[in-house]
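Per TrEMBL, these features apply:
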- 37-62: transmembrane segment (TRANSMEM)
- 88-290: domain 'ABC transmembrane type-1' (DOMAIN)
- 92-114: transmembrane segment (TRANSMEM)
- 126-150: transmembrane segment (TRANSMEM)
- 156-175: transmembrane segment (TRANSMEM)
- 205-229: transmembrane segment (TRANSMEM)
- 269-289: transmembrane segment (TRANSMEM)
Amino acid sequence: MLTNTAVADMETETKKRNSSSVGDQIRSYFRHPGSGILALLTGLAAFLTFAVLLFLVGYILVKGIPYLTPSLFSLEYNSENVSLMPSLVNTFIMTAITLCIAAPIGVFAAVYLVEYAKKGNKLVKIIRITAETLSGIPSIVFGLFGMLFFVTALGWGMSLMAGIFTLVIMVLPLIMRTSEEALKAVPDSYREASFGLGAGKLRTIFTIVLPSAVPGILAGIILAIGRIIGETAALLYTSGTVAQIPNLMGSGRTLALHMYVLSSEGLHMNQASATAVVILVFVLIINWLSGKAARRIAKG
């Protein structure tokens, strides 16, 4: 009985402290109106951000879920059944191969810039300026370059391979810059401690620096995945819009292109909304898996 009373007293005391702290905070806002206005504006901004996100997700789900029928996931695509399965398979293929090419190059380029390149090196400055410039170029420009170089000059034609290499060029600067910032965020004391224990440069990078930077690197890769999945303009000129599961040298559309084509035709708007739901779920699953992998790697 004494124990229960003590616990109740502790809970009461905690509530009093919390209420008094809230009251003190409100009184401080009256004494300093500027702080109160700033707190109100930041709270309003957070609420609006959450409200817009909730509205967009809710709108997509309400419009698309009723039309997620089994026929939509059929392997056969025709004028009567605009199946998204070929586009889903193409999206998986293009995302996986693009990341397999762009992620290692971007991460190792960031390792060179942070761990090996001398500070103030002109080459490093040129690389960083180039990466930042490429990050700001509209995707339609990448699409035109891909069409002129991969499709025409190399003779690949409208194909998944042409689209993949165009996407590699698009996401490479993003992965490199985010990986570079993640590596810079690792404290120098980690490196110094590793060197003090007799580890070499390469071993320190692979056993200390990179594992510590994994969450930041994965964040960049997740952003790259989002750009790959949502890309349409660049792929219109490179991979084409054929609704089939091709080989790498054949034309094929992704989910975003599939949704764009259906919307532009105006004949299958409901199926386009259902495709938007699939894209949303696809992105959420990838984010969840990436976050889980980052936490597991960070724990060792």
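Here the Cβ of each residue, glycine as well, is placed from N, Cα and C on the backbone.
Just so you know, TrEMBL annotations never went through curation; they're auto-generated.
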Problem set entry | Same-chain residues at least 6 beyond the ends of the transmembrane segment (205-229) whose Cβ lies under 8 Å from its Cβ atoms | 91, 94-95, 98-99, 102-103, 106-107, 111, 115, 167, 170-171, 174-175, 177-179, 181-183, 185-186, 190-191, 194, 199, 254-256, 279, 282-283, 286-287, 290-291, 293-294, 297-298, 300
Problem set entry | Contact ranking winner - 37-62, 92-114, 126-150, 156-175 against the transmembrane segment (269-289), Cβ under 8 Å | 37-62
